[in-house]
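Following: one structure in structure tokens, then a few remarks.
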Amino acid sequence: MGSEQEYASASPKGVTVDEFSSDGQNSAILEKKKAPWWSYIWDYEPGRSQEERVFIQKLDVFLITMLSFGYFIKNLEQTNISNAFVSGMKEDLAMNGNEINLIDTAWTVGYVVGQIPSQIVLTKVRPSIWVPSCELLWTVLTFCLAAAKTSNHVIAIRFFVGLAESIFYPAAHTILGSWYKPSELGKRACIFHASSAAASMFSGYLQAGVYKGLNGVHGLAGWKWLFIMDGIISLPICIAGYFFLPDLPENTRAFYLTENDRELARRRMESVGRAPRTKLGRSAFKRIFGRWHVYFLTILYIIFINIGPSSSVNPFSLWLKSKGESVEKINIIPTAASAIQLVLTVSFAILSDAIRHRASVMSISTFLGGFAALILAIWNVPDGLKWFAFLLQRASVPYGPLSMSWTNEICGADAEERAIVIGIMNSLGYAFNAWVPILTYPQVDSPKFKKGFIFSTVAFGAQALITAMVAFLYKRDKKKEGITKRDEEGVTAPASVPNAE
């Protein structure tokens with residue numbers, strides 16, 4: 001991804017040249033040797049020093065853990081509405097129309113409004129201050145949901161929850177792209193993203209347990225206890241973020257990184273053309289909007305975000321409810337789809353890093369999601385096939401974190417572009433999400449959602465096309481870059497162009 005030197009060290013095919021060594025100089029060409037079996041699963045760089053290995057382990061322990069826990073609570077508090085809705089909130093708050101769609105729209109509007117300003121703030125403020133503070137705010141608001149008396153209360157609170165949560169996903173990918181090389185990034189981004197599947201599973205199990213054990217305790221319904229328990233789980237994670245998030249290589253004060261670690265981090269990013277932050281001014285915006293990156297990557301992400309229903313509408317749960325399943329089963333059975341998402345997210349990340357081709361693996365995710373949508377659009381199929389399609393739906397989710405890793409690499413030479421493009425992608429994706437799911441997956445169409453599943457099938461086709469287009473443009477740019485570099489260096493012999501997808 002990006003260049004040969006970025007990916008040579010990631011290759012599990014016996015490539016043993018690491019273009020970057022811990023002392024900042026190009027390492028000598030190492031004697032070829034057979035790569036171990038685990039190189040197909042995790043990072044394998046024969047030229048990596050012990051110092052660099054320890055440094056990466058520290059990042060994995062602290063940064064990946066904190067981002068994973070942060071994304072876990074973000075998704076826990078984003079998806080708990082869906083669990084609460086099928087566990088008594090609908091009846092208690094007389095939500096018999098499209099109130100759940102309005103609640104989701106309120107969250108989405110807040111989510112859209114906050115993203116680009118947050119990414120700009122992130123170029124000025126330390127992530128270790130900004131991210132945990134917003135986490136703390138949405139945790140307090142989650143507690144407030146337990147006190148809601150009407151659907152209007154829920155709508156208002158969810159707007160501010162969305163506003164606070166909007167900072168997390170683009171900020172996390174910006175931070176990841178500031179510390180990890182392309183050969184390391186895909187796996188970490190997808191491991192971090194897989195925590196969303198864990199959150200969906202945990203929310204289902206938690207609601208089932210809360211409904212069974214706490215429903216009616218102290219006069220509170222089980223769905224209200226869900227919000228309280230979510231807040232209790234989130235609070236210590238918010239506080240830990242102030243201490244464990246390492247900021248960025250150029251300004252980190254993390255207690256677990258030595259001065260040598262900090263210098264190593266800066267040199268690692270320089271070695272792969274990943275630029276540090278500079279002043280965000282008019283010239284930066286001219287650069288950003290003068291390239292194809294922001295336009296095509298944003299279209300790509302808009303399609304991804306809006307390809308299915310909103311997070312508050314779970315067709316699988318609503319289908320189970322229409323079949324008369326118990327509240328406990330409605331909350332637990334769909335977690336199997338989340339488990340499939342978790343496994344595929346990590347597996348696709350490992351595969352994309354191993355074969356050095358994001359677009360191909362993203363296309364596999366697109367195909368599986370499109371196949372599931374097609375089955376559900378037909379609808380009149382045996383129940384067994386319908387179960388299969390509902391479970392397979394989440395196979396399309398790994399496309400998201402892989403596209404963010406791809407963006408980090410495509411925009412890697414410009415730190416401001418990288419931060420702003422990620423923010424615009426996510427913001428506009430959810431701007432469309434504020435109204436598209438109301439048209440495609442309205443609550444009143446449950447459980448069949450015929451027009452919704454037809455829309456999804458067509459959208460997966462569009463996703464395949466835009467993925468191919470971005471891959472073509474990126475490969476073209478890398479080829480031009482290679483020619484320009486050879487001309488500048490006066491090299492006349494043809495040089496191979498690395499696989500840019």
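Glycine is no exception: its Cβ is also placed from the backbone N, Cα and C atoms.
Feature annotation from TrEMBL assigns domain 'Major facilitator superfamily (MFS) profile' to 63-479.
Per TrEMBL, the feature region 'Disordered' maps to 1-21 (among others).
If you look up TrEMBL, you'll see 482-501 (among others) marked as region 'Disordered'.
Look at TrEMBL and you will find 154-177 (among others) tagged as transmembrane segment.
Positions annotated as transmembrane segment by TrEMBL: 189-206 (among others).
Among the features that TrEMBL reports, transmembrane segment is placed at 226-245 (among others).
Annotated transmembrane segment per TrEMBL: 292-312 (among others), in sequence order.
Sequence annotations record features per position, and here TrEMBL assigns transmembrane segment to 332-352 (among others). With a cut-off of 8 Å between Cβ atoms, the residues of this chain six or more beyond the transmembrane segment (332-352) that come close are 40-42, 186-187, 189-191, 193-194, 196-198, 200-201, 204-205, 208, 314, 316-317, 320, 325, 358, 360-362, 364-365, 390-395, 397-398, 401-402, 405.
Residues 307-308, 315, 344, 348, 351-352, 388-390, 392-393, 395-399, 402-403, 406, 448-450, 453-454, 456-457, 460-461, 463-464, 467-468, 470-471, 501 of the same chain lie 6+ residues outside the transmembrane segment (359-381) yet bring a C-beta within less than 8 angstroms of a C-beta in it. Residues annotated as transmembrane segment in TrEMBL: 359-381 (among others).
According to TrEMBL, the feature transmembrane segment maps to 453-474 (among others).
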For the transmembrane segment (226-245) and the transmembrane segment (292-312), check the count of CB pairs under 8 Å (sequence separation 6 or more) and say whether it reaches 3 or more.
no
